[in-house]
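These features come from TrEMBL:
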ACT_SITE  B:Glu475  active site, for hydroxyacyl-coenzyme A dehydrogenase activity
DOMAIN    B:329-506  domain '3-hydroxyacyl-CoA dehydrogenase NAD binding'
DOMAIN    B:509-604  domain '3-hydroxyacyl-CoA dehydrogenase C-terminal'
DOMAIN    B:641-720  domain '3-hydroxyacyl-CoA dehydrogenase C-terminal'
SITE      B:Glu151  site 'Important for long-chain enoyl-CoA hydratase activity'
SITE      B:His463  site 'Important for hydroxyacyl-coenzyme A dehydrogenase activity'
Amino acid sequence: MTLVCGWLLYGWIVAVQTKTKKTLAKPNIRNVVVVDGVRTPFLLSGTSYKDLMPHDLARAALTGLLHRTSVPKEVVDYIIFGTVIQEVKTSNVAREAALGAGFSDKTPAHTVTMACISANQAMTTGVGLIASGQCDVIVAGGVELMSDVPIRHSRKMRKLMLDLNKAKSMGQRLSLISKFRLNFLAPELPAVAEFSTSETMGHSADRLAAAFAVSRLEQDEYALRSHSLAKKAQDEGLLSDIVPFKVPGKDTVTKDNGIRPSSLEQMAKLKPAFIKPYGTVTAANSSFLTDGASAILIMAEEKALAMGYKPKAYLRDFMYVSQDPKDQLLLGPTYATPKVLEKAGLTMNDIDAFEFHEAFSGQILANFKAMDSDWFAENYMGRKTKVGLPPLEKFNNWGGSLSLGHPFGATGCRLVMAAANRLRKEGGQYGLVAACAAGGQGHAMIVEAYPK
Amino acid sequence: MVACRAIGILSRFSAFRILRSRGYICRNFTGSSALLTRTHINYGVKGDVAVVRINSPNSKVNTLSKELHSEFTEVMNEIWASDQIRSAVLISSKPGCFIAGADINMLSACKTLQEVTQLSQEAQRILEKLEKSPKPVVAAINGSCLGGGLEVGVPAALDMMLTGRNIRADRAKKMGLVDQLVEPLGPGLKPPEERTMEYLEEVAITFAKGLADKKISPKRDKGLVETFYFTELTAYAMTIPFVRQQVYKKVEEKVRKQTKGLYPAPLKIIDVVKTGIEQGSDAGYLSESQKFGELIMTKESKALMGLYHGQVLCKKNKFGAPQKDVKHLAILGAGLMGAGIAQVSVDKGLKTILKDATLTGLDRGQQQVFRGLNDKVKKKALTSFERDSIFSNLTGQLDYQGFEKADMVIEAVFEDLSLKHRVLKEVEAVIPDHCIFASNTSALPISEIAAVSKRPEKVIGMHYFSPVDKMQLLEIITTEKTSRDTSASAVAVGLKQGKVIIVVKDGPGFYTTRCLAPMMSEVIRILQEGVDPKKLDSLTTSFGFPVGAATLVDEVGVDVAKHVAEDLGKVFGERFGGGNPELLTQMVSKGFLGRKSGKGFYIYQEGVKRKDLNSDMDSILASLKLPPNSEVSSDEDIQFRLVTRFVNEAVMCLQEGILATPAEGDIGAVFGLGFPPCLGGPFRFVDLYGAQKIVDRLKKYEAAYGKQFTPCQLLADHANSPNKKFYQ
């Protein structure tokens, strides 16, 4: 008798230890669910998507989502997309893509930008609209086309051209033209550097890696892991969020093309890409410039159920953080992770699937070291103890931005879908999505598996 | 600007010395496997790389002292002798300082020329050995490293040696002075400074290994600066004696023009370089050490070292830490001074309110602050982003909103006692109890301003100098009632603003204005006697003043000068007489207010550098003309009439207790009024030139003009007993 009781008790304790909470539903707040999400294959920029415009890619993701979910277009209340480098002609790319994808012209759409967490911002904006009762059905997504970026005339040239427009007489025009100098023609490239510090992200990542004493070898090893896992996931058909895309004038693209598992020897040969000649960040251990788009259908739970859907996951607590854009540019996940866990009442042990955005190997490893350091936690995070390390066997198991690619505006939805799909496939209840972004910002969100 | 010059010249020397070691300079670290414990230097071996750490004990900076020399020699000899060691890294254990230069105390301790020469030769020997080191040596420099590259006599290198100019790291890289740059790291698993040092060491070790393994080539076989600055063609040209002569001549001319022959060092440096090139490096080294010895023994060297020590003294808060840090500052009046004070406050992170009575005045003031910051952006000292974020510390307004949070209010309204009284009362109605009221006045006694205050212990004078962002001096004036904590706070704010501070007692004109007034009176008399402003300017600048006397009046503002002359004239009477203040009155009535109104003694036009005399002054000067006294009107007499009146008044300020120390008097005069730095300030000047000779001069002029030149008691005492010195 005692023995049986003991066993029962033990089982109960184990259950409690395994999951601090049974669900993260909150009283009087609507549950928000992910019905499903899709993405175009992510391609190295300058490959098959190079002649497209961003809204073409976004449209492909939207039509893919419509096809996958069979959602009637007219029930969609609102569409939100994230993007970073804006094509000037389609600055509200969400609207242009939605119209082209055949959504009702009565469905409003807006575009958000928050560097590499733009799609996360699109999704959480949607969560807010649903939770506050403003909307029931939202399509969120993101798009980036790095094959083409807006290159502008210099400010001097622009000023001259605008003044010429206003000039009334030939004399005025001639006097303006006489001010022209050859250097006016020097083009202005979109900023590759942090505006506030003028430092490129790769340079900052290299300094971050050095600050946390992350070696070149560790970085190469981590990158190799990402590529190997991505390859495996691709081969096993786990990347089910991909929808094929028939590129006009080209073949149908069916899979990501940046996954290239190499060898440590090959990777060791590369020269540093940013801090020369002694830096540690190289092309092989950084995410590459990528074209791609993603879209996700989120709904109020009761709406989804009423429409007969079997949702994939809940979107639960989320958190945005920001810190010093110079020296802590890429430490967002370290700051956001403990905060979102605390907010949700979970611990690191409760998480079954971690999906972190991999900007650089060095950035991921620096975040690991920061999360594993009591000194850092005490001195920079105002915490008594360290955050703790995510177990590697639960971390980015299907590859990450280093291998799958990183279309800035679109990555957020990929992370959420990877977490949701992994929870379904691998079992487990809670996933944690986290990402860093330019401007020294960061984001984390809890994804809860929808009960089967 | 005065200060730059003075310190520039000082550092020139230190620079010169280390420079020769050509980038083989180090930085420090803490010994992990130190073989021997030494006090200044120790080293550990990592693999086959020796890591030499420099760490002068009990000092914030590393200086080249005798002990450091000898320990360094020992260490390097061990490294060269060891079979295990294949290369070395030099590094400092002090974050932010590699080697600040030669130890000034060591140099001033030298009694004879030979001693200095010997010191210099010792340093040369070790540096020469370092240069010829058979094992690669990598210097890992973090922070200030005063040094440069003589050697080849390249004008580029000359420029650096002659001016002691500061070179930022990125520029040093471009010039080829350093080979690699390591950027500071942010937070990691240790404090950023500590990890940055470690990282620097790691990178340096990699390079040292690479050099020893011949995987990296030093690529510097030509001599650093030469490779960069000299194309093949110019390098070839320098081999032709005629061309070289021309180069020397040009450089010498330029130096003479800039220094007016008052500073001996630059010319000697040229000599040394010349010797080095023409007669080989051995002769060059010998000449260098001898000339260095000669220079250290000069009056100029003593004067400048004195200023250095004085400046160190005036960078300390003798009142200790204030009870409450000033975080919120409010400035009344957005004029030239108010905006200037705002600029040096916001860029140090102080939240600052700038209040003016009119929107036009406020606009002008805010624009001045913005332009000041933007100029730094143009010079790449700030990024545009930093500028914007600094500028956001400034709030411009017309009312007293937010004054309830102010910790200190500095008023910089017009110099009018009743106006100052009005604003003081207005402000006291809105500020919190702990808030300090500081008055930026150049002549109105603080106790008179404080007379209407409800809390005179919180009232103090903070006399800034124009332009505030360039002039280093801040004269703080305490009244009998000013509390110690108020003084501590004012000094703390001044130090934060980057000022060199003298604290003086209240009295008409305080110290600086009071010294300047009699000299200005003499300026007017000299002009009345028919010396034209250009001539007067050249006489004063050739004596060592950075700005000519007539130009100075224009810069200060004729109306301000008139105010001061009238106010102090009333108090001090005949002693401050001499020139007829009517000259200033007439100038003001015609609108000739100096630079700010476009006309004074000179004509000022936007974008025009050349200064033309204002011909409308002729009639004014003619109407006030005085016959010159030929006995006392030689060029030298004119110079001394100005300087002796200045010096006499300064000594009187010490005698009356306005000044606490001669050192503060010297710093105030040099940094605030442009007293010739090569003379070291009025008190140093008396010591070095001789009190007796000055009194003799004064008596000669007294005979011609009367009481204005009567030597004060203290000066007479010094003349009577030659052992008496202001500096022992």
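Each residue, glycine too, has its Cβ placed from N, Cα and C.
TrEMBL labels come from automatic prediction, so no person has curated them.
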(message) What whole-number Å value do you get for the CA-CA distance of B:His463 (site 'Important for hydroxyacyl-coenzyme A dehydrogenase activity') and B:Glu475 (active site, for hydroxyacyl-coenzyme A dehydrogenase activity)?
(response) 5
(request) Could you tell me how many residues in the domain '3-hydroxyacyl-CoA dehydrogenase C-terminal' (B:509-604) are helical, how many are strand and how many are coil under DSSP? (result) 66 helix, 4 strand, 26 coil
(request) For B:His463 (site 'Important for hydroxyacyl-coenzyme A dehydrogenase activity'), list the number of other Cβ atoms lying within 10 Å of its Cβ atom. (result) 25
(message) Sequence gap of 6 or more, Cβ distance under 8 Å: name the residues on the same chain that satisfy this around B:Glu475 (active site, for hydroxyacyl-coenzyme A dehydrogenase activity), in order along the sequence.
(response) B:Gly461, B:Met462, B:His463, B:Phe465, B:Ile501, B:Ile502, B:Val504, B:Phe510, B:Tyr511, B:Thr512, B:Gly668, B:Gly672
(message) Could you give me three numbers for the domain '3-hydroxyacyl-CoA dehydrogenase C-terminal' (B:641-720), the DSSP helix, strand and coil residue counts?
(response) 64 helix, 0 strand, 16 coil
(request) Can you check how the pLDDT averages out over the domain '3-hydroxyacyl-CoA dehydrogenase C-terminal' (B:641-720)? (result) 94
